[in-house]
Amino acid sequence: MSHNDKNTHNYQISSLDKIINDSSVAIEFENVYFAYTEERMILKNVSFTINDNEYVCVIGHNGSGKSTISKVLTGLLKPKSGVIKLFGIEISAANLKYLRNNIGIVFQNPDNQFVGITAEDDIAFGLENRKVPPNKMWDIINDAAVATGIEDLLKKESLELSGGQKQRVAIASVLAINPKVIIFDESTSMLDPKGKNELKELMVSLRDVAKKTIISITHDMEEVVKADKVIVMSNGEVQYIGTPQEIFANEERLLKMQLDIPFTLKLAKTLKEKGLKIDLTLNNEELIEKICKN
C-alpha cells in the first residue's frame with residue numbers, strides 16, 4: 001500500500017468511526033432474503049431496527065430463521081437480497097472486515113469457543129490478533145474479567161471450569177476487543193439453571209453498565225422477560241415486534257408458533273383464574289408480593 005493509499009484508508013476508517021459513534025440506530029435489516037437453495041427460502045423479507053444500547057431477544061421455533069439472522073449480520077452468510085446496516089453503514093465486502101470489529105458473538109457450546117489453555121490466555125487471544133501491545137493487555141484482560149466476574153478464574157484451565165464459567169470467559173474475550181454489539185446465539189441453552197440465571201443477569205449488566213447493544217437469539221422465554229424489545233420469527237418471517245408485555249399478551253398466538261409464555265406469567269394467570277386478586281405480571285418479585293397480600 002502506497003503512502004497516499006494508506007492515508008486514504010485511514011481517512012475512510014476515521015469517517016466510518018465517526019458515523020458509528022454518532023448513530024443512535026445499531027442495526028437495520030431492510031427486506032432481507034436468504035436461501036441456501038432456490039427451493040427453500042430461510043429468511044423472507046425480514047425488516048427490523050435495533051437501537052444502540054438496546055437489549056433485544058429474537059425468538060422462534062426451531063427452523064424459524066432466528067439463528068440465520070446472526071450469520072448474515074456477521075457476514076458468515078451473504079443475503080440473497082436486501083440491505084443490512086450497522087450503525088447506519090451498509091455492510092458490504094469492502095467494509096465487512098472493519099465492521100466486524102464492532103460485533104462480538106457468544107455461541108451455544110462454551111467448549112467450542114475456548115481456544116486458550118487458561119481463561120487468561122483465551123481472553124488474550126483476540127487481543128494478540130489485533131496486535132495489542134503486551135504492556136497494555138493486562139489492564140484490558142483484567143477489566144473484562146472484572147466486568148464478567150471471573151477475576152478469580154484467570155489462571156484456571158478449561159477442564160477446571162463449569163459450563164457457566166466458560167461462557168463468562170467467552171463473554172470476557174468478546175468484551176476485551178470492545179465491540180459495540182454483542183450477539184448471544186442460544187448461549188444459555190447448554191447451561192444448568194444457575195448458569196442460565198447468571199448469564200441472563202450479565203446480559204442486562206452489559207446493557208446497563210457497559211452500554212452495549214445486546215442481541216440474544218433464544219428459545220428461553222424466561223430470558224425474554226428482561227429484554228427491551230422482542231422480535232418473533234416464524235417460517236423465516238418476522239411475525240411480531242414489541243415489548244415482552246405486548247408479545248406475551250397473546251398466549252394463543254404464541255402457542256400456534258410453538259412458543260410458550262414465561263412460568264411467572266403462567267402462574268399469575270392460573271392464580272387469577274382461581275379467584276386471587278392478582279394482576280398479570282412478568283416479574284417474580286412482584287408476583288410474590290401480590291400473593292402475600294391476598
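Yeah, the Cβs are placed from backbone N, Cα and C, and that goes for glycine too.
Now, the feature entries from Swiss-Prot:
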type	residues	note
DOMAIN	27-260	domain 'ABC transporter'
BINDING	G60, H61, N62, G63, S64, G65, K66, S67	ATP binding site
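Positions of Swiss-Prot features highlighted on the structure.
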residue	record	CB count, 10 Å
G60	ATP binding site	25
H61	ATP binding site	14
N62	ATP binding site	8
G63	ATP binding site	14
S64	ATP binding site	25
G65	ATP binding site	22
K66	ATP binding site	24
S67	ATP binding site	17
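For the recorded ATP site, residues G60, H61, N62, G63, S64, G65, K66, S67 set the reference point as the centre of their Cβ atoms, and the other residues of that chain within 8 Å of it by Cβ are M233, S234.
Under the DSSP three-state reduction, G60 (ATP binding site) is assigned to strand.
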